[in-house]
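Here's the structure we're looking at; comments come further down.
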Amino acid sequence: MITTKELRNKFINYFESKNHSHQPSSSLIPFGDDTLLFTNAGMVQFKDVFLGIEKKDFSRAVTVQKCLRAGGKHNDLDNVGYTARHHTFFEMLGNFSFGDYFKKEAISFAWEFLTKEIKLPVEKLWVTIYASDDEAFDVWHKHIGLAKERIIRIDSSDNFWSMGDTGPCGPCTEIFYDHGEDVAGGLPGTPEQDGDRYIEIWNIVFMQYNRHADGSTTDLPKPSVDTGMGLERISAVLQNVHSNYEIDLFQALIKKAQQVTHAKDINSPSLKVIADHIRACAFLIADGVLPANEGRGYVLRRIIRRAIRHGNKVGAKEIFFYKLVAELVSQMGEAYSQLIDKRELIEKTLIKEEELFLKTIENGIKIFDAEIENLKDNTISGEVAFKLYDTYGFPFDLTADMAREKGLKVDEQAFLAQMQIQKQRSKEAGKFNVDYNSLINSQVKSEFRGYSTLIEDAKVLEIYQDGQLVASTSEQVSAVVVLDKTPFYAESGGQVGDKGILEGIGFEFVVEDVQKSGEAILHIGKLVKGRLNLNDELTARVSDKPRLATAANHSATHLLHKALKLVLGGHAEQKGSLVDENRLRFDFTHDKAISRSEIEQIELLVNQQIRANYPVTTIETSQQKAKSLGAEALFGEKYGDIVRVISMGDFSIELCGGTHVAYTGDIGLFKVTSEGSIASGVRRIEAVTADKAIRHTFTNENKIIAIKDSLKANDTNLIDKIKSMLEQIKNQEKQIAKLKKELLSGSSNDIKETNIGDIKVVVANVDGVDVKTLRNKIDDYKSKNTKVIAVLTTTNADKVQFVIGVSNALTTLIKAGDIAKELSSHIDGKGGGRADMAQGGGNNSANIDQALSQVEKFILNNIKE
């Protein structure tokens, strides 16, 4: 039996023998493509190559691509574990031609691999083609020799692929494997095609047309090929099993899942869910995603929590999910070294997330059970699903899973509506960003000269004004200018674009920002003098002070990154950065606040490297060579075949396209200004360098001097004086609280109490106390009376504050939250809470006595009913 590992290697080796360049899998996070949540196909990393935006030094490629379908349009999550072939994470085998070979070669390669390399029986294979693709038919029938009746023409979108509404598109041919007569299902194109007998194993897309906005198509000058074959699916065929979950890789994970959950039934769908989900979670974390309540992090959290729920369902009594990582590394670590490199981070993240979830799941399940008891039909409302998500951290899928097990469904549309309301509520006004890619012809190329010079003579290639290509621009008009060569650095890798001027005979253009679009460098700014025309010769001059300050901050981020790893551990991976002339901001993975001692160690390490005055050296080399040198590749960055390696002594080696100082000593001084959390498992450090670091130190020293002067203290006794003052404040606050309690006790004689049968009703206003004191008094009433309803208010100027308590035994008669609403309506206020306790406030204290009288009537009417 051929193993999954052997099949993966066999595919790569076969296409390498056919002169294909083996390219590593790209990240599950698509670079620079906001249209995709996750990489879901092998062609994603080559999208710009197919579009003609990006050029490669090879025209044939082979990949084994990590893919994920668990969010957005491509979402298989609900089916995972319950069908034979649905997965969140999967591996896509693919071979690609970029204007090289076409239909004859692509079909021949696929047929040879299937029938000769892995020896599938010819009689088990069927193919489909697009109905009008006679060329593909001829290749299959005349060149391959496949019988006509085994070639099925399909006149639908199943056999025609497009990248979008416009752009490259073309027909497909698909190869199917026949599992035999004992499996239900019919041939593709028949009413029974959805059965499992005939399974698609390879899809070959012929990109030969360009679709225009009006729907018409024209031939592409260089047709290309994009193919995909699921590794899990073809492994199942070769291992003679019907379900992907029966292949060697999944069986190892399922056995481990059974071991760590103590499940009794090895065939439980829950074990398949866990085996599938550990792959998705581990690879997402390795690619830099961490659990969160939105975006990709939310998808990861959903998958983790779904796996945990299924573990609990089959018997897991303790944290278990992270225990599958070791087996996953054993199965896939050889093919994906990132699993080995990031194993500690993966395990720590899963442990933390499972601990967090277990704290909330018990309460959430109680709420879920309580809600379904009161259901009038078989549908759980979207409001309840949202409450479980928002309050208890239940992903929608988990609520839907629990509902499905009880024969119920969830109103997903209403849930999504609630999500949209929340999103609108928290949405911040964002800046308007021009889509420069839509403005610039992708063939325009600018040469960057800014590593070695800040001044360059250049020629104007294009001018854009209000999104339109123009021949010239006039004074005081904003525009985008593209040059043939430039010293201006375009924003990239967290470093902001340069500022400066473009000047020539009779004109001056102020550059306010610089961006990239394909291979074009865009100078964005305003013409402040004269007139600028196409083909004008000019001098491009970068402002040196901002550039040098930015370079110092950028170099400091490299030193900081290394220092973080040394002080906090290797898991401290960069998650993002911002570098400009004023400061640096650095985001990294770490699951707790950094102590003052750790910050001091980090600052000390960075400043030691600055004082050492190491030369900052640059080499350009292959990615493989850079990796052998130990260079750090940063999350979220896309690197070319040749990369730029920045070294600072032996301390820091990173791939980087940014600008840097010549010596570490040029950074001057490094000082952390803030540290905090920006997301679950992600911390942010902000820092300053050089003169700004010195000024920051001066500012802090001046604050300390001002504090010493105010307290009449010196360096020796300052801390003791502050401690003494805080102790005095603490004692005085205790005394104030005591006096307020005595005041309330003294007022108790004036508080009106009414007894309705065995129910005590207390409604009163007490001046001169705070809400905490009122709350304590309410608790006192409830502890001394099994049936009490208490409403206490206090006023200060026009303001009213109130606390309401209802004994648990009475909440079926009247709820504290309902009383709060009634009181609020009389005092221009708002309030709410639980059935047994509520509080709030209002802006009209003038008629507090009348308001309390109305509230008392409201209470009496409710309890008498």
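A Cβ is built for glycine as well, from the same backbone N, Cα and C atoms used for every other residue.
In sequence order, Ile646, Met648, Ser652, Glu654, Cys656, His660 are the residues of the chain that are 6 or more apart from His558 (Zn(2+) binding site) and have a CB within less than 8 Å of its CB. His558 (Zn(2+) binding site) carries a helical DSSP state (H, G or I). Residues or ranges marked as Zn(2+) binding site in Swiss-Prot (evidence: sequence analysis): His554, His558, Cys656, His660.
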- prompt: Which residues, same chain and not among His554, His558, Cys656, His660, have a CB within 8 angstroms of the centroid of the CB atoms at the recorded Zn(2+) site?
  reply: Ala551, Ser555, Thr557, Val616, Ile646, Glu654, Gly658, Thr659
- prompt: Residues with Cβ closer than 8 Å to the Cβ of His554 (Zn(2+) binding site), same chain and 6+ apart in sequence?
  reply: Gly494, Gln495, Val579, Leu584, Cys656, Gly658, Thr659, His660
- line: Min neighbour Cβ count (10 Å) across binding-site residues Cys656, His660 flags His660
